[in-house]
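Written out below as structure tokens is the structure these notes cover.
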Amino acid sequence: MTASTVDGRAAGYRPARTLSVGTEIRRQLTRRRTQLVFAFLVALPVILFLAFRFGTDGNGGSAQNQSDAFVTVAKSGAANFTVFTLFVSASFLLVVIVALFCGDTVASEASAGSLRYLLAAPVPRRRLLGVKYAVGLLSSAAALVVLTGVTLAVGAAAFGWHPLVTMTGDTIAPGPALGRIAGVVGYLAIVLLVPAALAFLLSVCTDNALGAVGGAVLLVIVSSILDQVTALGGLRALLPTHYQDAYTGLLADPVRWDLMARGAFSALIYAGGFTALAWWRFLRKDVTS
């Protein structure tokens, strides 16, 4: 006969030991889609370098000239190359990756029919959510850091260490430029909490991981489209993507902190709301799969 405690739990049962973060991280690292995502992030800076190296200059109008100027600046040093890569990746690629890591957390277990067995192990629901969400966010942060680190390395090898050229044409020494890039990465990490939290919310509401990922990406796309509608006036400031490019304030001299502060506050409000809804929904959900 199994010994039990006063509250009915088996002797030796510790909720905090039922599902560890380390175990979940190892599961993530052994999944093929995780390996493919990080392989692509490592390859992307190399692909961009090859495109710069073997591409031809365009002969279009003013828009083409602006694009060519942007690319020319990107080739002027590792810092500028990194800023360019983050700029072209932040609005869609990183959103998809973050949504994938956080939207696949609970829904994949439900679709595989293993979620109810995890809860019967027993893993407390709060701990299950906490560990899944934490690993999803850690994976997303790791993706952002890997992309930045590899881009800096490729840029240094290809273009050397040179001052960062700001939007106003001023230059920032390589040392301080690394601090600016770290700030950009930090701000992007905060802004990306919005699609991460929404994907997590959808993940606890559906058994389809692709639906959770797609729903979060769709929100970003729709919000970005609405943000271009000037007729909305001040209402655009309420959109979750309105301040997604505010990190460009770090590329000015002096730094513009006002829009970044608003963007960080907006992102934390949205992310906190979506996360709270996810907890509320899952703790009351009848898990049958």
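Yeah, the Cβs are placed from backbone N, Cα and C, and that goes for glycine too.
Per TrEMBL, the feature transmembrane segment maps to 36-55, 81-102, 135-161, 181-204, 216-239, 259-280.
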Winner by Cβ pairs under 8 Å against the transmembrane segment (135-161), considering only 81-102, 181-204, 259-280: 81-102
Beyond the flanks of the transmembrane segment (259-280) by at least 6 residues, Cβ under 8 Å: 126, 129, 133, 187, 190-191, 193-194, 196-198, 200-201, 203-204, 237-238, 240, 242-244, 246-247, 249-250
Surrounding residues of the transmembrane segment (81-102) on its own chain - C-beta under 8 Å, 6+ positions past either end: 28, 33-34, 37, 41, 44-45, 48-49, 70-71, 73-75, 133, 136-137, 139-140, 143-144, 147-148, 151-152, 154-155, 158-159, 164, 181, 184-185, 188, 191-192, 195-200, 203, 212-213, 216-217, 220, 224, 244-245, 247, 251
